[in-house]
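One structure below.
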Amino acid sequence: MELRPLVMCFALCVVYASSKPTIEKKDRVHHDDPLSSRDHEDAENFDYDHEAFLGQDEAKTFDQLTPEESKERLGMLVERIDEDKDGYVSVEEMKKWIKHSQKRWIYDDVDRQWKGHDHNGDGLVSWEEYKNATYGYILDDPDPEDGFSYRQMISRDERRFKMSDLDADLKANKEEFTAFLHPEEYDHMKDIVVLETMEDIDKNGDGFIDLEEYIGDMYNQEGDPSEPEWVRTEREQFTEFRDTNKDGRMDKEETKDWILPSDYDHAEAEAKHLVYESDNDKDGKLTKAEIVEKYDLFVGSQATDFGEALARHDEF
């Protein structure tokens, strides 16, 4: 499939979209999604814990297993969670596993894109492979009349690729490629997320985001003389909270505080909860036996699912 028509279509869509008033608010803030849509009510059931520990889809799979099958598969998971292979699962290892389970869609996306970029099959995606697969012959035939600078886009991608390339060999392994495609998920990539956001919003090129640039990124008032209430609220937010040093503009640190807030760490809280509830000898870490013994806290099975079905039936 040729890339040029796709890229041109994208460019035209963006130009068309930018010419229409934007009523709905654009949100650049990166928030962690909740671990589960269920209420965390362990006195009634462990549905929240199951979805937090496994992810929603995998939790449903466990609900169809017998208790014996559920325990066996849980035991296999424990061996993966115990990264340092010391025979224990620490709070930190549990936290990392929960985060991994919650972000499984990201890894699925990376796997899908990986197949289209690792052309030589060496298990790495080089910068050249990515650039050629993404931009193709646009490199040789840029069209400046469409208002887009593809060379500028390539330069921006290359900068992000190099930031994700921790060993600086211009070849990305799976983890580095994940950081490149989803930089907001990695601490060492957060500065590039901030920089790219500022470049998008900073129209006068002074390296800051002023009030009008901030509002202009969220709302296009063309053809609409009156501002929605949320726009007036955002003006107040900028003045009272975003611009912390009160100089009328946001610098890099203020922008970072805005788009990458320090949210409550749900994964860490759940990891501590699971360890506390299962830690029989209270040494602050879990053995495989301790986890499997409390298997119904971590995973479901036909037995727990049937029990909850009976409980729901009794309510009626």
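Cβ coordinates are placed from backbone N, Cα and C, and glycine is handled just like the others.
What Swiss-Prot records for the Ca(2+) 4 site is Asp202, Asn204, Asp206, and among Glu196, Glu212, Glu213 the residue it adds there is Glu213. Listed ranges 41-44, 113-116, 265-268, 313-316; the one Swiss-Prot annotates as motif 'Prevents secretion from ER' is 313-316. Of the residues Glu128, Glu129, Swiss-Prot places Glu129 in the same Ca(2+) 2 site as Asp118, Asn120, Asp122. Each of the binding-site residues Asp206, Asp247, Glu254 was ranked by the number of other C-beta atoms within 10 Å, and first place falls to Glu254. In three-state terms derived from DSSP, Asn132 (N-linked glycosylation site) belongs to a helical segment. Taking only the Cα positions, the spacing between Asp281 (Ca(2+) 6 binding site) and Arg249 (Ca(2+) 5 binding site) is 54 angstrom. Cβ environment of Lys285 (Ca(2+) 6 binding site): Tyr88, Val89, Ser90, Val91, Val275, Asp279 lie under 8 Å away, each six or more residues apart in the same chain.
Its own atom aside, the Cβ of Asp118 (Ca(2+) 2 binding site) has 20 Cβ atoms within 10 angstroms in the protein chains shown.
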